[in-house]
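Taken from TrEMBL as is:
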- Asp124: active site, charge relay system (ACT_SITE)
- His193: active site, charge relay system (ACT_SITE)
- Ser519: active site, charge relay system (ACT_SITE)
- 16-94: domain 'Inhibitor I9' (DOMAIN)
- 116-570: domain 'Peptidase S8/S53' (DOMAIN)
- 627-725: domain 'Subtilisin-like protease fibronectin type-III' (DOMAIN)
Amino acid sequence: MVLNKRHHLNCLQDFYIVFLGTHSVSREGAVETHLNILSTVKQSSHHEAKESIVYSYTKSFNAFAAKLSEDEANKLSAMNEVLSVFLNQYRKLHTTRSWDFIGLPLTAKRKLKLESDTIVALLDTGITPEFHSFHSFKDDGFGPPPVKWRGTCDKYVNFSGCNNKIIGAKYFKLDGRSDPSDILSPIDVGGGHGTHTASTAAGNLVPNASLFGLAKGTARGAVPSARLAIYKVCWKQDGCADMDILAAFEAAIHDGVNVISVSLGGENANYLQDTLAIGAFHAMRKGIITVASAGNDGPTMATVVNNAPWIVTVAASGIDRDFHSTIELGNRKNVSGLGISTFSPKQKQYPLVNGVDAARDASSKENAKFCLEDSLEPKKVKGKIVYCRFKTWSTEAVVKAIGGIGTIVEYDQFLDVAEIFMAPATFVNKSTGQIITNYIQTTRSPSAVIDKSHEVKIPAPFVASFSSRGPNPGSQHVLKPDVTAPGISILASYTLRTSITGLEGDTQFSEFTLMSGTSMSCPHVSGVAAYVKSFHPDWSPAAIRSAIITTAKPMSQKFNKEAEFAFGAGQVNPTRAVNPGLVYDMDDFAYIQFLCHEGYNGSTLSVLIGSPINCTSLLPGIGHDAINYPSMQLSVKSNTETTIGVFRRRVTNVGPGPTIYNSTIKSPKGVEITVKPTSLIFSHTLQKRSFKVSVKAKSMSSMQIVSGSLIWRSPRYIVRSPIVIYSP
């Protein structure tokens, strides 16, 4: 999800998605079945049913999307042939330096032939194909698309077409509603979001990329030789509809992609009513890994989304770079502000005025303090820099519209994201704001100038304040997010169809821009998943996820008080993920066992596997959490003196053999952690070994989090699993 303070979520009330059982007939036969069922409910002809149905899902699952009344939806739910019916909703959209920062330099080892056969799918706002990040010149090493590719790229309005880099492009807009601000094609008109995520995951190497000189360097994705498949499901006006997302998943699975990257999400904690979770499960069954953004609702606890255990859920963190602007006051004192101002001043000083002193009239003074629209007198602002208190975003747009030269905004809260401004502007904290206010009040003709922003080095990594936190609202047994990756001020390709702020009157257009959000961290991990896949094309999605989690660089609770609920296992470490030593593998049956253990009704699981399951007849999932997950999480009951959790795990040796792994346990205060056996002996590659982790924890205060870990260590590898104990 991209961090967008100006975005609002729209919900659609009259489209439903209807899931049926497994079908063994042709697409035409499945569509006919859909029409028959709908005709029965509507008590109408096939013609009226055809008018109602907007899409039939027939490749990976048997379902249809249709326009229904609530009464018709209820009647469908009662039919024996129907497994599930739920309302279509709209989801919200949730790099030159970042790859070097997380340890994937240009010189990193690669298997170019296998990387070139790897296909990364993006479900997003589309793409800008003409940019350098997506060219496929012969000397870039791009041959024809991989033989396994079954997708297409049709001709669309304002879309220059596919090439050997972008090998497929489709759009889905099933509600038929017109969106005058967008174009019915895979072209990216929605604020450059899809272009940015695509180039972050798998963009070509582009030297000397920058935003008007800022963040200058070589822009690239994790896997520059990989192919891209684009599925536009998000629209500028309406957002991202469930039925479009599901259609895109079905298409991507059929087309033969290897990785699906999804930088959007909703808030449904029920895995069987979440289209992204359902689509990702079907992808997993075909060997396709899905990586998704954790959400931008932090630092509030239990806000993490896309939290199904078969999805890799990615938090956002900062790299060691920020953007500041120097404010030169007329008394020769310099102070610093935060934000991205690309403008170089045209003169040494400009008159400086406090917004409250530029009020339109006496009744406007309170609003003028915040420089709100219609509160300032244009004559008092024209040609000046205006000092304002923060109340709404885009204050600089208000000042510019009435002739102001620039804006200094006092912002009381902590800022870890550098806002891009449409006119000279910067944010200052309260103490700096007081210095500026005192200067204005004690000077007859105060003046100032805001210099163009510059880069500064800062301590990193740290979890972004906006990044959604755990615990997982979908299951108290699965730690989410899984890992964190760079998501603050990431430079990547953009679009020339929208200004870099998207604000009316902004004249800044650039092929590259800086964006922040878990939308930006997600494609980093999607790219890493593709990177690992290029070395191990036969690995399952669970094995790739395990490699990413167990090799992540641990982060400190000292700087991130929510600990693993903020950063998961830590910061993704691409080159180590290629050689994890051991993996925690799983298949689709293991997830079904887990869902039965979680209390899901066997009949509802049919949306995942096509037919009802009798949970009581299954072998029960083993251990406290009944899942072979790389991390472990124990919820401690506050009214119980001691809580005990037993976690049973099985690892596969993906390194050479023979070898021995010895365990190291880190137990937090008040918690006892043991593992049996304490050593794992492998005679050969792909051999499996099981072990048991016992966690004994005393009662804790509400929302307390303590962190432990289990490390399996061999002469060549370190395999780390976080262990989280918390009280809800």
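Just so it is clear, glycine is given a Cβ too, placed from its N, Cα and C backbone atoms.
Sequence features, as recorded in TrEMBL, placed on the structure.
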| residue | record | CB count, 10 Å |
| --- | --- | --- |
| Asp124 | active site, charge relay system | 31 |
| His193 | active site, charge relay system | 29 |
| Ser519 | active site, charge relay system | 32 |
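In this structure the C-alpha atoms belonging to His193 (active site, charge relay system) and Asp124 (active site, charge relay system) are separated by 7 Å. Across the domain 'Subtilisin-like protease fibronectin type-III' (627-725), DSSP classifies residues as 0 helix, 62 strand, 37 coil.
When the domain 'Inhibitor I9' (16-94) is classified with DSSP, helix, strand and coil residues number 31 helix, 25 strand, 23 coil. The distance from the Cα of Asp124 (active site, charge relay system) to the Cα of Ser519 (active site, charge relay system) comes to 10 Å. Per-residue pLDDT, averaged across the domain 'Peptidase S8/S53' (116-570), gives 94.
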